[in-house]
Amino acid sequence: MEIAKRTENGSGQCVHLCRPPPAPDLPMQHRGADSGSAVFWRPWIDDGGEKEQEAPHNAVEAVPLKQGRSLMDWIRLTKSGKDLTGLKGRLIEVTEEELKKHNKKDDCWICIRGFVYNVSPYMEYHPGGEDELMRAAGSDGTDLFDQVHRWVNYESMLKECLVGRMAMKPALPKDYHEEKKVLNGMLPQSQVTDTLAKEGPSSPSYDWFQTDSLVTIVIYTKQKDINLDSVIVDHRDDSFRAETVIKDYSYLVHVALSHEIQEDFSVLVVENVGKIEIVLKKKENTSWKCLGHPQENHNSFIPKKDTGLFYRKCQLVSKEDVTHDTKLFCLMLPPSTHLEVPVGQHVYLRLPITGTEIVKPYTPVCDSLFSEFKEPVLPNNIYIYFLIKIYPAGFFTPELDQLQIGDYVSVSNPEGNFIISQLQELEDLFLLAAGTGFTPMVKVLNYALTNIPSLRKVKLMFFNKTEDDIIWRSQLEKLAFKDKRFEVEFVLSAPTSEWSGKQGYISPALLSEFLKRRSDTSKVLICLCGPTPFTEQGMKMLHDLNFSKDEIHSFTA
Ligand code: FAD
Ligand code: NAP
C-alpha cells in the first residue's frame, strides 16, 4: 500500500509529493512546457493537407511514411471502432514486469506520465519512424518523449491505444490497521472476492486531494465505458456515498467525512481514461488531514447482485393525468444527490403501507417525448418522471395515488439488464409495447433518435385495450409526423365500432407484417414489454420468425 502525502502550496494548488505528475485527462489539458499555448501535431509532416508551421528546434528528423499512413489515416483508424489495444475496452493496471515484456514491434507498450499505451498499431504512422518509437519499447518513455515531443497532444492522438495506468509500487504502512481507520489518500486493495479477481473487471481504486476550498475525490475505474450515469452519489449529514457501477459489479466509496461540506458538488467523468472526479466544496477553508472514516462496505468491489438496494427519499412535486387511469408523477431528488437512471433501466419505489415497507419496480421516462428537442422546464438531473397506471384494486398504486404534493417516497438505485451498446450501429429498431410496457420504450426511443446516426427506422407497435388507454397518443403521432424515421401503429384488443385501425392480440401474422428488415445483414433490435404472458408469447413468436437472441430484448423485473 502506498500513502500519497499531499500538501498545499501558497496558491491553494494541490501538490503531489510521491506520485507521478498529474495524469493526462482531457486532450486539451496538455501540460507541456508551453502549457497554455495551443497543442499541435508534428506539423512539418504531411498530415493530410493541414497548414505547415515551423518545427520546434529540438524536433527529430521525420522519416517518409508509407502510402496510407498519414495523420488523417491514423485518425480514421482510431475512429473506426477497431480494438487497438487488444483489451476490448478494458483498462488494466500495468506492473513494471508486465511493461518490460511488451518490447517488440508487434507488441510494443510505452509508458508516458504514468499511463501505458500499446503503440504497435501506431508504428507505421509515427512520423519519427518506427526505430525512434522502439527506443522506448517496454519502458517509461516520458523523458525521451519530453526531449522531442513535448508539444504533441499524445493523450488525444493515442487515446484509443491506452492500456491503463502503471501500478503503484506496494509499500506497507507502518501500522496497517491504523491506516485503515483513517482515510488519508489511497486505501489498501479493495475488498475483492477471489472469483472476481480472476473473472470480473479489474478493481477500481480511489484517491483524494484538496485545495483551500475544494476536496476532489477521484475514482479510477480502469474501464473506458464510464458515463455520468455510472456513478451515484449521495451525501447526507456527514455520510458520503459514491457507488460506481462497472459492468455487473459495484464499487463503493463510503465515508463519514471529517469536515462539513456545502450542499452542491459536481461530478465529472473523463471517459477515455475511465476517471470520475467528484468535486466537493468545503464549508470552511481549512486543510483536511484525512478524508474521513470508513463506513459500511467502504472501498468494496462486489457483484451488484450481492449489494443491497440503496434508497433516498424523494419529494412528489407534481402529478398529472395522462389517461383515465395513468398519471405522470414527478419526483425531486434530495439535495446533494447525483443520480441519472440509465436508458432501459428501472428503479424501485418504496412506501410504508399499513406499517410495512412495500416496494414495486417502475421505469423512469422523460417529461415528454419531445424533451430532447426543447429546453426542459425543470432540470432533468434533479427530477425523475414516471408514468404509472393506478389499479383501483391494486396494493401499491392506490397508496401512491394518495400522496399529496410535498410528500415523500423512497427511490432506489437503478437496476436492469438493458445495455445501451445494444443500440450502437443499429439500423432498424422495433418496439413492441403493451399498456404501461410502453414506459421503457420512451427513453430507448428518445436515445435512439438522438444519438444513433446509423438509425434508419424506429417502429412502435403499441397494444392497448381501447383508444382511451393509449398513453401519449398525440405526442406519438406528432413525433411520427416530425421525424420520418419514426412510425407508430396502435393495436386494440377491445376497440369501439368506430376504430378503423388494427385490432386483436400479438400474433405471428401481425409481427411478420410489421417486422420487415431492410436487408439480411441490417442490424436490428426488437424490444418487448408488457404483461408477462404478452412478453413470453411475443418472444416465442420472434424466435419462430428466425430473429436471433441478440436481436431481441425483453424488459422484465
Ligand atoms: P397489484 O396489487 O400488483 O395488482 C395489479 C392488478 O392485478 C390489480 O388490478 C389487481 O386487482 C390484480 N391482481 C392482483 N393480484 C391478483 C390475483 N391474485 N388474481 C387476479 N388479479 C390480481 N407499472 C407502471 O404503471 N409504470 C411503470 O413504469 C412500470 N414499470 C415496471 C418495471 C418493471 C421492471 C416491472 C416488473 C413492472 C413495472 N410496472 C410498471 C408494474 C408495477 O411494478 C406494478 O406491478 C403495478 O404498478 C401494479 O402494482 P399494484 O401493487 O398497484 O397492483
Ligand atoms: P393491460 O392494459 O392489461 O394490457 C395491455 C394490452 O395487452 C391489452 O390490449 C391487453 O388485452 C393485452 N394483453 C394482456 N394480456 C395479454 C396476453 N396474455 N397476451 C396478449 N395480449 C395481452 O396492461 P397494463 O395493465 O398496462 O399492464 C402492463 C404490464 O406491463 C404490467 O404487467 C407491468 O408489470 C408490465 N410492465 C413491465 C415493465 C418492465 O420493465 N418489465 C415495465 C412496465 C410495465 P386485454 O386487456 O384485452 O386482454
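Here the Cβ of each residue, glycine as well, is placed from N, Cα and C on the backbone.
Keep in mind the model is a prediction, meaning the values are calculated, not measured.
According to TrEMBL, the feature domain 'Cytochrome b5 heme-binding' maps to 91-167.
As annotated by TrEMBL, domain 'CS' applies to 201-292. Per-residue pLDDT, averaged along the domain 'CS' (201-292), amounts to 92 for this model.
For the domain 'FAD-binding FR-type' (309-421), the number of residues in each DSSP class (helix H, G, I; strand E, B; coil) is 8 helix, 50 strand, 55 coil. According to TrEMBL, the feature domain 'FAD-binding FR-type' maps to 309-421.
Helix, strand and coil counts from DSSP across the domain 'Cytochrome b5 heme-binding' (91-167) read 32 helix, 22 strand, 23 coil.
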